[in-house]
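Novice: Pulled these from TrEMBL:
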- A:1-20: region 'Disordered' (REGION)
- A:74-133: domain 'Nitrite/Sulfite reductase ferredoxin-like' (DOMAIN)
- A:176-328: domain 'Nitrite/sulphite reductase 4Fe-4S' (DOMAIN)
- A:351-416: domain 'Nitrite/Sulfite reductase ferredoxin-like' (DOMAIN)
- A:C434, A:C440, A:C479, A:C483: [4Fe-4S] cluster binding site (BINDING)
- A:C483: siroheme binding site (BINDING)
Amino acid sequence: MNQETFAEEAVSPEEHLKENSNYLRGNIEQGLTDPLTGSLTPDDMKILKFHGSYQQQDRDLEKERKRQKLEPLYQFMVRVRAAGGIVTAPQWLLLDELADQYGNGTLKLTTRQSFQFHGILKKDLKASFKLINDALLTTIAACGDVNRNVMCNPNPYQSAVHEEAYAHAVRLSEYFKPRSKAYYEIWLDQEKVISSPEQEQEPLYGRRYLPRKFKIGIATPPNNDIDIFASDLGFIVIEEDGKLKGFNVCAGGGMGATFGDSSTYPRLADVIGFIAPEEIIAVSETVMAIQRDFGDRLNRKNARIKYTIDRRGMDWFVAELQNRLGRELLPAAPYHFDTNGDRYGWLQGINGKWFYTLFVENGRVRNNGKRALKDALREIARIHRGDLRLTGNQNLIIGNVEAADKNAIEDILKAYHIADSAAYTGLRLSSLACVALNTCGLAFAEAERYLPSLIDKLDILMKENGLEKEEINIRMTGCPNGCARSRLGEIGLVGRTVGKYNLYLGASHNGDRLNTLYKEMLAEADILQELGGILQRFSGDRLAGEHFGDFVHRKKIV
Amino acid sequence: MDWTTGIVKGPFSETQGKQLVESLSGLSAGQAQWLSGYFAGISPLLETPLPAERQDETAPSTAPEAKPVYILYGTHTGNSERLAGEAAKRIKAAGRAVKVSDMDSFKIKELSDTDQLLIIVSTDGDGEPPVQAEDFLQYLQSSKARKLDHLSYSILALGDTSYTYFCKTGKDFEEALEKLNASSMVPRIDCDVDFEDDYERWIKEVITALGQLSVSHNGLLIGFPGDKTAPQDGSPRYDRKHPFSATVLQKIKLNGRGSTKETYHLELDLGDSGLRYEPGDALGIYALNSNRLVDGALGLLQASGEELVESYRGPKTLKDALMEDYELTPLTAVSLRRHAEITGNKEIKEILADDGRLKKYLHGRDILDFIAAYPADLSPEIWLSLLRKNTPRMYSIASSQGMVGDEVHVLVSAVRYSAHGRSREGHCSSFLADRIQEGDQVGIFVDPNTRFRLPADPDAPVIMVGPGTGIAPYRAFIQERASRGDEGKSWLFFGERNFTTDFLYQAEWLRHLKEGTLTRASVAFSRDQREKVYVQHKMLEHGKELFDWLENGAHFYVCGDREHMAKDVDKSLSSIIREYGGMSPEKAAAYIKTLQHSGRYQSDVY
């Protein structure tokens with residue numbers, strides 16, 4: 001199928017919008033200068049995603065401002081992508097400043113190793129983009145129907161193989177960036193391309209780009225900290241004699257679903273074969289081309305590759321891939337994942353330098369009274385000669401620290417009352433929450449703002465049952481789209497409405513099994529009561545080393 | 001003298017004279033009176049009612065009393081105009097012919113043929129005449145003005161004692177007329193914002209002075225409601241003297257969180273009051289004083305508040321009188337004058353004697369400061385006599401009845417500041433902001449403003465400049481035009497401090513823009529960027545289009561701050577006309593004057 005000639009097939013309005021956007025330009029530039037509203041037009045809001053920003057509004061103020069005859073407090077989330085989530089200390093300082101100058105004074109470290117700024121007003125959007133690019137970072141394709149940030153274990157110095165995997169992540173990230181110059185014209189005032197379509201083609205994406213977002217990750221066993229099976233396309237590092245032998249390819253993952261629409265569901269990627277390291281770009285490009293050509297362009301809810309695969313069958317998909325590649329995939333190699341969590345504290349890399357994994361609750365970097373995390377990290381970034389790395393679990397690694405600097409960093413953390421991970425329970429250290437209210441337009445319920453207080457209460461139950469050090473993945477999202485991969489939590493809580501959650505139990509501890517619906521529409525008291533009973537049984541009946549997610553299955557609780 | 005002599009000697013040909021005598025013979029007194037009013041009414045429509053050469057003849061005016069009384073008004077908000085109309089009816093009813101005109105339309109040469117002139121004129125903020133009165137006053141003050149020995153006059157001056165140059169324009173007219181040897185018929189009366197009583201006194205004296213005329217009220221008169229002879233002709237039952245107690249339906253602070261401003265939108269229920277208003281009108285609101293100020297005053301007076309006193313509204317406790325009947329926030333020269341009269345205090349007299357010092361003293365001070373500074377052993381009643389009567393505050397109405405029916409909406413900016421070591425607040429704005437809740441009642445009346453009106457032509461474009469609360473009447477304008485389905489284009493200029501929190505009625509403007517009931521809007525938010533940007537800058541930015549609009553018949557409105565904004569807007573307008581009309585400063589000034597005189601440049605500033 002020729003990507004540039006569309007049959008007269010029915011497509012969603014978004015497809016026309018992309019096609020007519022002149023390669024992602026839309027009317028964003030005019031919209032930015034309209035002084036009467038803090039919003040862009042609905043069409044431009046969609047195109048803006050490709051540039052790395054979502055228009056949102058402060059939902060806490062929605063009713064109040066309506067009464068005040070003011071438009072909603074429109075604001076923008078801006079997502080910064082960096083393959084594997086690695087930035088230098090000077091870059092951190094710029095992002096830190098951006099949060100104060102234009103954002104809401106906080107940084108959100110996301111579950112896909114990106115930075116998010118919230119609360120940026122339209123009038124400051126261009127300046128924010130510019131600042132990010134000045135820091136040699138970018139927001140392009142951090143959102144939108146394209147390949148997004150490529151995830152990878154953020155510590156390339158754990159082994160030589162880690163280092164290679166990271167290099168591949170960077171390659172993928174660069175290779176699949178949109179070619180359109182729209183981003184540079186709109187945000188960075190670069191000269192406008194005189195549009196001859198030939199000059200500015202998207203050889204892979206075409207004028208309509210992909211049917212839906214596309215996520216790639218590379219995981220290095222035994223750590224599945226990036227939740228490889230949640231990816232559209234994943235590569236599992238296969239190591240032989242300390243060298244990268246190749247990758248197991250997996251495809252068809254995706255977390256999103258819609259309540260009440262059974263044609264939507266979370267799905268984990270299936271491992272389909274093995275490839276040599278040098279094949280990674282070609283295989284990725286081919287998988288994306290298949291999705292480009294066969295993905296559902298009529299119904300965005302069914303447009304992810306997981307549905308394309310399920311609709312046509314995995315056999316078809318693998319055959320199509322092999323056909324296009326002109327060769328067969330090799331059989332997958334054996335691999336094993338222990339956990340999808342992070343390992344906290346100091347770790348020495350193969351380069352002799354030190355890496356400190358810091359627990360950042362829900363990835364929110366902010367000052368909270370005495371516990372001034374944002375100030376502490378700024379202070380560290382000022383003296384730090386290494387880098388900073390975001391994990392897929394919303395945590396932060398202070399990386400490449402000289403042995404001599406370890407104390408200084410610890411001292412700063414102490415001075416700002418940032419506790420060592422030892423001070424937290426295993427449950428809290430294994431918790432994830434998405435942003436949800438008050439900025440996310442999709443959220444039905446609280447997540448990030450609520451989970452910490454729920455864990456306070458659960459911690460009491462954990463303690464009562466002697467489980468305070470037990471690492472049970474608990475993940476909360478405000479809606480079933482699953483940004484915090486709630487369906488991969490041993491305990492998953494998905495918001496239904498304000499104050500009510502569906503409780504899911506029994507995902508594996510290493511991210512290779514989804515959880516199962518246990519009960520619906522639970523209020524806090526119900527959640528505590530249900531989990532209280534199960535935790536008590538777990539404490540008494542668990543097998544040695546048995547994880548909570550496995551226990552609830554063995555006991556047929558789900 | 002036989003009445004026919006007048007006609008024979010009058011400016012008629014012999015045939016005309018004969019015909020007139022024939023026609024007029026046998027008329028009843030009532031019919032004659034009717035005709036006199038009729039001619040007065042139609043005279044502006046007749047081209048040159050008197051042959052010009054006649055004016056230079058020295059033939060004695062045989063019946064000077066037969067000449068119509070001329071009432072000239074110079075108005076800013078329409079009060080003078082309204083009173084002029086009312087006065088005309090009263091004088092006509094008393095048997096005299098009357099001509100009424102605004103000063104702009106009045107032809108100077110008519111002065112020589114006018115024997116009795118009544119002037120009703122207001123004073124703008126800092127002692128300036130209203131635009132309408134400028135030229136006429138300038139003429140009278142100029143060296144080319146002719147002597148007016150034949151003229152007797154009386155002046156009703158409207159003003160506001162809270163301004164230093166109280167009723168200055170009335171005084172200026174008096175001075176000019178005196179210099180031209182005109183004689184005073186009845187002494188000038190200076191009215192404060194509650195002018196009804198003073199007006200009533202003045203018109204009665206005028207009518208008496210006009211002679212042989214009874215002052216009897218009859219059905220033709222529009223008395224002030226509350227008079228025994230309250231009209232049955234559909235005039236409002238409620239007015240300044242008889243405010244309607246309107247229930248507050250909604251009170252909304254329009255500024256979003258984090259704003260440095262405090263602006264309230266109030267929706268009041270007119271119920272079955274029958275009150276009607278037009279877009280452009282103002283709503284008068286009576287405030288009660290805060291406990292804080294009343295207690296402060298009682299403390300300074302060393303009174304308990306329980307003392308029974310005689311307020312101008314009848315007997316009540318001192319506390320209630322202070323709360324309801326008088327004002328405690330603004331300090332006016334009147335209070336100082338009365339104090340000085342009673343106590344003979346030398347220092348106060350000195351302040352009063354020096355305009356500059358007076359202005360400085362009054363600035364930022366309220367009555368409590370004054371009482372504290374000049375304590376005197378006076379009875380509570382005497383103290384009360386120093387105070388300004390509780391005076392309603394006027395708010396430009398922000399709604400159209402075409403849209404909101406029996407409601408009236410106003411926009412109120414809370415005035416708060418700190419001066420002389422105490423935190424201060426506006427008399428009425430703090431009342432509305434702090435002491436009034438939804439469900440409470442406030443005393444209101446409609447204060448018509450005929451000088452701020454949508455064009456009669458529904459297709460005429462309008463340019464509306466109104467930063468801050470100056471946006472209020474435009475909400476009424478656009479509601480009115482939307483409810484009537486008018487097709488005229490409209491362009492709003494609005495400014496405030498911050499876009500996110502202070503864009504008053506933003507959601508409504510966006511809706512109007514979407515629906516086409518507002519054509520375009522230009523906004524300036526002064527504190528959203530380093531350099532301050534105001535509405536006048538936005539006008540200049542779109543100067544070319546703005547001039548095109550004017551050339552296409554647009555009416556230009558400005559509402560809001562008088563001191564700075566209105567002047568800056570006027571400057572911008574002038575520079576736009578110069579630049580895009582290719583005009584000299586003089587021509588541009590004339591262009592603006594023409595706009596003003598034709599009612600296409602109207603302002604409602606405060």
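Using the three backbone atoms N, Cα and C, a Cβ is placed for every residue, glycine included.
I would like each feature placed in context: is it buried or exposed, what are its neighbours, and how far apart are things?
Specialist: The average pLDDT the prediction assigns to the domain 'Nitrite/sulphite reductase 4Fe-4S' (A:176-328) is 94.
Cβ-based neighbour count (10 Å, all protein chains) for A:C440 ([4Fe-4S] cluster binding site) stands at 22.
Using a 10 Å Cβ-Cβ cutoff, A:C483 ([4Fe-4S] cluster binding site) registers 23 neighbours. The secondary structure of A:C483 ([4Fe-4S] cluster binding site), as reduced to three states from DSSP, is coil rather than helix or strand.
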Novice: For the domain 'Nitrite/Sulfite reductase ferredoxin-like' (A:351-416), what does DSSP give as the number of helix, strand and coil residues?
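Specialist: Grouping H, G, I as helix and E, B as strand yields 27 helix, 21 strand, 18 coil.
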Novice: Which has the fewest other Cβ atoms within 10 Å: A:C434, A:C479, the binding-site residues listed?
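Specialist: Relative to the other binding-site residues in A:C434, A:C479, A:C479 has the fewest Cβ atoms within 10 Å.
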Novice: Under DSSP, the domain 'Nitrite/Sulfite reductase ferredoxin-like' (A:74-133) has how many residues in helix, strand and coil?
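Specialist: Counts, helix then strand then coil: 28 helix, 20 strand, 12 coil.
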Novice: Cβ within 8 Å of the [4Fe-4S] cluster site centroid (A:C434, A:C440, A:C479, A:C483 excluded): which residues?
Specialist: A:V435, A:A436, A:L442, A:A443, A:A447, A:T477, A:G478, A:N481, A:G482, A:A484
